[in-house]
Amino acid sequence: MATFEGRFTDLGQVRIAVVVARFNDLVTAKLLSGCLDCLSRHGVDTTAESSQLDVAWVPGSFELPLVSQNLARSGLYQVVITLGAVIRGDTPHFDVVVAEASKGIAAVARDTGVPVIFGVLTTDTMQQALERAGIKSNLGWSYGLEALEMASLMKVLPGH
């Protein structure tokens with residue numbers, strides 16, 4: 001029986017794209033900061049001159065799938081991380097954005113074979129979003145760790 005796991009080794013060669021929604025940037029900027037901290041602590045060059053990391057900003061979470069798809073199809077990246085924050089309001093807009101963003105991001109991973117990390121917070125209040133982006137913990141860190149694990153795992157799977 002074979003067991004396949006991400007090992008967090010040889011990360012010096014990994015190329016990562018991060019796609020960040022500008023809407024609710026009070027939250028998404030904190031998620032990005034946590035994500036970059038995790039990547040840096042695991043040996044990924046996160047400096048402005050980095051050849052390992054690119055960051056793309058999009059208007060909102062609805063646009064995350066399209067840009068993620070273009071980056072994944074480029075062949076330059078082993079993993080794409082999406083970061084967004086959709087906060088429930090008084091209209092059905094929340095449900096539409098969350099459904100389309102999540103389905104679209106999942107489709108990108110399936111269609112391209114490139115792991116795409118779903119780092120979109122879906123909360124009822126701004127307070128809940130802020131708690132998940134740094135007040136209590138920073139899920140951006142977790143999304144960075146997931147990306148590193150998936151990049152490593154994909155390298156050891158048969159056919160890669």
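Quick reminder: no glycine exception, Cβ is built from N, Cα and C everywhere.
Annotated active site, proton donor per Swiss-Prot: H93, in sequence order. Annotated 5-amino-6-(D-ribitylamino)uracil binding site per Swiss-Prot: F23, S61, F62, E63, A85, V86, I87, F118, in sequence order, evidence recorded as sequence analysis. Look at Swiss-Prot and you will find D90, T91, R132 tagged as (2S)-2-hydroxy-3-oxobutyl phosphate binding site, backed by sequence analysis.
Overlay of Swiss-Prot annotations on the structure.
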residue : record                                           : DSSP (3 states)
S61     : 5-amino-6-(D-ribitylamino)uracil binding site    : helix
A85     : 5-amino-6-(D-ribitylamino)uracil binding site    : strand
T91     : (2S)-2-hydroxy-3-oxobutyl phosphate binding site : coil
F118    : 5-amino-6-(D-ribitylamino)uracil binding site    : strand
R132    : (2S)-2-hydroxy-3-oxobutyl phosphate binding site : helix
Rounded to a whole number, how many Å is the Cα of the residue listed as 'active site, proton donor' away from the Cα of V86 (5-amino-6-(D-ribitylamino)uracil binding site)?
10
Which residue, of the binding-site residues E63, D90, has its CB surrounded by the fewest other CB atoms within 10 A?
D90
Nonlocal residues around R132 ((2S)-2-hydroxy-3-oxobutyl phosphate binding site), in sequence order (Cβ under 8 Å, 6 or more apart):
L121, T123, N138, L139
Name the residue among the binding-site residues S61, T91 whose Cβ has the smallest number of other Cβ atoms within 10 Å.
T91
In sequence order, which same-chain residues at least six apart have a C-beta under 8 angstroms from F23 (5-amino-6-(D-ribitylamino)uracil binding site)?
P59, G60, S61, G84, A85
Between all pairs in F23, S61, F62, E63, A85, V86, I87, F118 (listed as 5-amino-6-(D-ribitylamino)uracil binders), what's the biggest Cα distance, rounded to the nearest Å?
16
Roughly how many Å separate the Cα of T91 ((2S)-2-hydroxy-3-oxobutyl phosphate binding site) from that of F62 (5-amino-6-(D-ribitylamino)uracil binding site), to the nearest whole number?
16
When the number of other CB atoms within 10 A of each residue's CB is tallied over all shown chains, which of the binding-site residues F62, V86, F118 has the maximum?
V86
Span of the (2S)-2-hydroxy-3-oxobutyl phosphate site, taken as the largest CA to CA distance across D90, T91, R132 (Å, rounded to a whole number):
23
